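Everything on this sheet refers to the single structure shown next.
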Amino acid sequence: MKFTLISSCIAIAALAVAVDAAPGEKKISIPLAKNPNYKPSAKNAIQKAIAKYNKHKINTSTGGIVPDAGVGTVPMTDYGNDVEYYGQVTIGTPGKKFNLDFDTGSSDLWIASTLCTNCGSRQTKYDPKQSSTYQADGRTWSISYGDGSSASGILAKDNVNLGGLLIKGQTIELAKREAASFANGPNDGLLGLGFDTITTVRGVKTPMDNLISQGLISRPIFGVYLGKASNGGGGEYIFGGYDSTKFKGSLTTVPIDNSRGWWGITVDRATVGTSTVASSFDGILDTGTTLLILPNNVAASVARAYGASDNGDGTYTISCDTSRFKPLVFSINGASFQVSPDSLVFEEYQGQCIAGFGYGNFDFAIIGDTFLKNNYVVFNQGVPEVQIAPVAQ
């Protein structure tokens, strides 16, 4: 779900891609571009993550371009120096382009619409009267968060073009009202990549479900690479395949617990240098969360290892000098994956720095972009499982 409150947009630029897939397989590649503007807020990111997961009341104890038909590229934006990643999706006939936040931590596709009484003036709005493939549904939807942000409206169906592959009759949620945090944000809605058991309206199929059932991709997978602003930004989503040029070494297969509708994994151990700072804990891979949000005890141990001080709001103040930091390393299913020292600092303000990790009073971790921009992930909805490898720098 959307956790970043941002208020300006930039132009979207196309990037070249390289995709791995078996011959004849269908896939979509969605690269990402960078926006250098916007001042991030770690506190906002923490609060929005808390709101997102509280509403579900969780209780836990060698590549190259493959010349296939069906390959499509949609530019995306790394907004606010790794605060949020969103991409352009075309909806309706004739098609209208919408900037959507791609989010593995939720499962709804919702957009601003002309039915909306308070949507942002700069948001692109879907108009049912202007699409010949619009189908009325009539059911209502509503999403509310613990921080007071919300969106609500009605369901409809229309064609959705995702990177050049046309999903027919995709259920979309048309916003009739939305909170200011959405209205003033950089995007026009959200595209959820979680499992369909957590759609706001039960029984609705996700875009990934329909890509599979309509035969638009040959494998039920998507690869995610999120670029770092410090390295020029960029990144890509690839549906039906993955890009082996974006990671180094081999992919490690990790089982997924999707019983709650999320991409749940187990982290076996966390270390800093030679010191183990945490033993086994559960986590959710969530591209829609900016930071690495840890269980309170794990966050406290990590903070001690880096000499960070608790700000009392889920964030930590940390040294701005990352040259003396060692990476934070997660051991997952027998392999090691790093959060690099530069990712341990999220924002700097008046000579003080806020850490790229925090806590939210959960007994599980929300493994957001702080981790994911350091590691390539292939999400496999069919098994389910993920495959992870360190990004190629």
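Each residue's number is its place along the chain shown, starting with 1.
Every residue gets a Cβ built from N, Cα and C, even glycine.
These come from Swiss-Prot:
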type	residues	note
ACT_SITE	Asp103	active site
ACT_SITE	Asp286	active site
DISULFID	Cys116-Cys119	disulfide bond
DISULFID	Cys320-Cys353	disulfide bond
DOMAIN	85-389	domain 'Peptidase A1'
SIGNAL	1-21	signal peptide
**OP:** For the domain 'Peptidase A1' (85-389), provide the mean pLDDT of the predicted model.
**Re:** 95
**OP:** Taking only the Cα atoms, work out how far Asp286 (active site) lies from Cys353 (disulfide bond), in Å, as a whole number.
**Re:** 24
Original post:
Any idea which of the active-site residues Asp103, Asp286 has the thinnest Cβ neighbourhood at 10 Å?
Top reply: Asp103
**OP:** Would you pick out, from the disulfide-bonded residues Cys119, Cys353, the residue whose Cβ has the largest number of other Cβ atoms within 10 Å?
**Re:** Cys119
Original post:
Which residues does Cys320 (disulfide bond) neighbour through Cβ under 8 Å, counting only same-chain ones at least six apart?
Top reply: Val345, Glu348, Gly351, Gln352, Cys353
Original post:
Just how many other Cβ atoms lie inside 10 Å of the Cβ on Cys116 (disulfide bond)?
Top reply: 22
Original post:
Could you tell me the C-alpha distance between Cys119 (disulfide bond) and Asp103 (active site) in angstrom, no decimals?
Top reply: 21
